[in-house]
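Engineer: Sharing a structure here in structure tokens format.
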Amino acid sequence: MKFTHPLDYYRLNGKQILWYMNIGEDQDSQASNYFPSVKDPQSEKIVVQQEQQLLFLARPQDTVFFHTMPEQAFLDYWKERRLSLPSIICCDKLSQVPDLERYTIIPFIVSDQLLELKRRYPHMDIIAPDLAVCREINHKFNTRRLMERNGFNVTTGYFCSDIESLEHAYEQLISAGFSKCVLKVPYGSSGKGLKVIDNERNFRFLLNYIQNRQTNVDLLLEGWHPHRLSLTSQLFITEYEVHLLAVTEQIIDPNGVYKGTNFTPALSQSEAADYREEILRAGELIRQMGYRGVLGIDSILDTNGELIPVIEINARLTQVTYILPLVIEQKKRYEFVESRVLVFNSRADLDFEDYENDLSEVTRDLPVRIDLYNFCKASGAFKNTYKLFVLVSAHNSEQLIKARSLLDELNTKMTTAVH
């Protein structure tokens with residue numbers, strides 16, 4: 001059977017495509033009931049602006065929906081890099097788009113909010129997997145049980161239904177030699193819905209917090225497996241087939257903070273073959289559940305060489321999905337490609353051009369290509385918060401390491417800048 005590329009799959013009904021990154025909407029979430037959390041309005045503004053990444057997956061004949069219009073300098077920067085930009089519609093809400101029913105919406109995530117909009121505009125099409133199937137797949141506990149039933153290797157862990165079983169699980173994991181544990185609730189992606197526990201004091205604090213706020217306990221406590229590689233696979237699932245689109249490595253610092261994605265992970269031939277086999281096997285189970293479209297699976301290869309193929313499934317597009325066309329293009333010319341996320345606070349009021357000039361100055365003598373593909377900024381009373389995404393393409397690992405160092409130096413400089 002002929003492979004239908006995802007971009008063609010999304011165009012099968014022949015209507016105008018409207019890309020929509022509703023990244024702030026959840027399919028389901030219970031994390032806030034269990035774990036202490038603080039709302040940060042600046043961070044929420046930053047998250048919305050990550051919709052700029054839609055520009056790289058959309059085709060010129062498509063339309064993208066933005067809540068916030070990117071700076072013209074950012075759009076000109078990409079025109080100079082020969083990116084054919086789609087049409088852009090900028091509104092506060094998707095419902096404000098004129099003649100909405102003439103579009104086929106391709107969202108970041110299918111949600112109750114989006115389905116409610118569909119009820120209001122019945123002729124508007126949405127290409128997305130079934131929400132009930134997504135919820136079943138995103139449920140961390142159901143996914144773990146499904147993998148166990150089908151012979152997949154899973155982390156050492158225990159389901160906990162009360163405070164006593166949670167205490168017992170922690171004691172068991174510490175006795176088994178784990179120095180850290182991960183406490184999970186059923187739902188929550190991108191680090192939401194889990195807490196890393198690195199000592200008993202933190203465990204006792206969390207235990208008391210949960211005990212004071214919950215009557216029903218539904219948790220999973222897992223031992224922390226030291227990672228050699230934190231892998232993510234992108235799958236495209238149709239009615240009849242499962243396709244592996246990409247295998248990437250998440251770059252995580254010692255504090256567990258996400259720093260970027262390595263698009264050329266260091267897997268041996270046998271490791272890559274084993275990983276592919278297990279991921280496609282997991283994908284087939286997901287296909288049988290009725291899922292259709294793109295999704296991401298998080299995996300780990302630990303320091304003992306043990307592969308745990310399914311840690312978490314995100315039944316939606318991922319941010320890696322959006323820049324895959326850009327990555328594929330760079331991999332034709334460069335051996336090493338990775339994205340870097342740069343986050344800093346500064347009193348300086350920087351625009352895209354300011355930062356791009358500083359970036360060019362710092363990396364001028366380095367024989368690598370650096371693309372600034374997302375510029376997010378949120379202004380506050382005393383500081384401005386910035387989050388930038390860059391794609392670094394290099395011919396060898398030495399160049400890549402040097403580029404990382406220069407980017408970190410620039411981050412430090414920007415933090416202390418006044419401008």
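The backbone N, Cα and C atoms fix where each Cβ goes, glycine too.
Dumping what Swiss-Prot says about this protein:
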DOMAIN    144-345  domain 'ATP-grasp'
BINDING   174-231  ATP binding site
BINDING   ASP298, GLU312  Mn(2+) 1 binding site
BINDING   ASP298, GLU312  Mg(2+) 1 binding site
BINDING   GLU312, ASN314  Mn(2+) 2 binding site
BINDING   GLU312, ASN314  Mg(2+) 2 binding site
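Describe the structural context of these features.
Structural biologist: On the 0 to 100 pLDDT scale, the domain 'ATP-grasp' (144-345) averages 92 in this prediction.
Packing around ASP198 (ATP binding site) is summarised by its Cβ count: 12 other Cβ atoms lie within 10 angstroms of its Cβ, all protein chains included.
A simple way to gauge crowding: the CB of ASP298 (Mn(2+) 1 binding site) has 19 other CB atoms within 10 angstroms, across all the protein chains here.
Secondary structure from DSSP puts GLU312 (Mn(2+) 1 binding site) in a beta strand.
Within 10 Å of the C-beta atom of ASN314 (Mn(2+) 2 binding site) sit 19 other C-beta atoms, taking all shown protein chains into account.
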Engineer: What three-state class does DSSP give LEU206 (ATP binding site)?
Structural biologist: helix
Engineer: Around SER230 (ATP binding site), which of the listed binding-site residues (ASP298, GLU312, ASN314) come within 10 Å, judging by Cα atoms?
Structural biologist: ASP298
Engineer: Measuring Cα to Cα, how far is GLU222 (ATP binding site) from GLU312 (Mn(2+) 1 binding site) in Å?
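Structural biologist: Counting only the Cα atoms, the answer is 13 Å.
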Engineer: Rank the binding-site residues ILE174, VAL182, LEU206 by how many other Cβ atoms lie within 10 Å of each Cβ and give me the one with the fewest.
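Structural biologist: Sparsest of the binding-site residues ILE174, VAL182, LEU206 by Cβ contacts within 10 Å: ILE174.
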Engineer: Any idea what DSSP makes of VAL182 (ATP binding site), helix, strand or coil?
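Structural biologist: The three-state answer is strand.
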Engineer: Take the Cβ of GLU222 (ATP binding site) and count every other Cβ within 10 Å, whichever protein chain it belongs to.
Structural biologist: 22
